[in-house]
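K.L.:
Have a look at this one before I ask anything.
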Amino acid sequence: MNALYQPRLGAIILRTVLAVLLLFHGWAKISGGVGWLVGVLEKTGMPGFLAYAVYLGEVLAPLLLLAGIFVVPAALLVMINMVVAVVLMHQSQILTLNNSGGWSLELQAFYFFTALVVLLTAKPRG
């Protein structure tokens, strides 16, 4: 057996890194507030209180991922959070490249697909 073949360890590392990196975004929302996001939502005709749902995807979900509990729902929350972020904040960048030639939405896509891999590799309970 190849000693480097460690799929469970790889899944744990991926889940942990996803959680830690998202928590930085969550901490920014906690410390700076989501007032600006309330304004964005209200401009689109949506109720401003929905801005607080960002805490689900950027604080609660990462904490659940770190704890290794409710991994599938947490990964789904992250994926939904990324879709909402793209629709609300980055829609105009879907077909654009950044100054270094990368896709403008590579961060959001990376979070989305990393969460998808975490979801698909989550160890079944029961």
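Heads up, the Cβ atoms here are built off N, Cα and C, so glycines get one too.
Unlike curated records, TrEMBL annotations are generated automatically.
Bear in mind that the values here come from a model prediction, so they are computed numbers and not experimental data.
Residues or ranges marked as transmembrane segment in TrEMBL: 12-28, 34-56, 63-89, 101-122.
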K.L.:
Under an 8 Å Cβ to Cβ limit, what residues of the same chain, 6 or more beyond the ends of the transmembrane segment (12-28), are close to it?
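P.N.:
Sequence-distant neighbours of the transmembrane segment (12-28): 54-55, 57-59, 61-63, 65-66, 68, 71, 78, 111, 114-115, 117-118, 121.
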K.L.:
Should anything in the same chain at least six residues away from the transmembrane segment (101-122) have a Cβ under 8 Å from its Cβ atoms, list it; otherwise answer none.
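P.N.:
The answer is 7, 11, 14-15, 17-18, 21-22, 65, 71-72, 75-76, 78-79, 82-83, 85-86, 90, 93-94.
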K.L.:
Give the nonlocal contacts of the transmembrane segment (63-89) in its own chain as ranges (CB under 8 Å, at least six residues past its ends).
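P.N.:
Contacts of the transmembrane segment (63-89) (Cβ under 8 Å, skipping residues fewer than 6 from its ends): 12, 15-16, 18-20, 22-23, 37, 40-41, 44, 53-54, 56-57, 105, 108-109, 111-112, 115-116, 118-119, 122-123.
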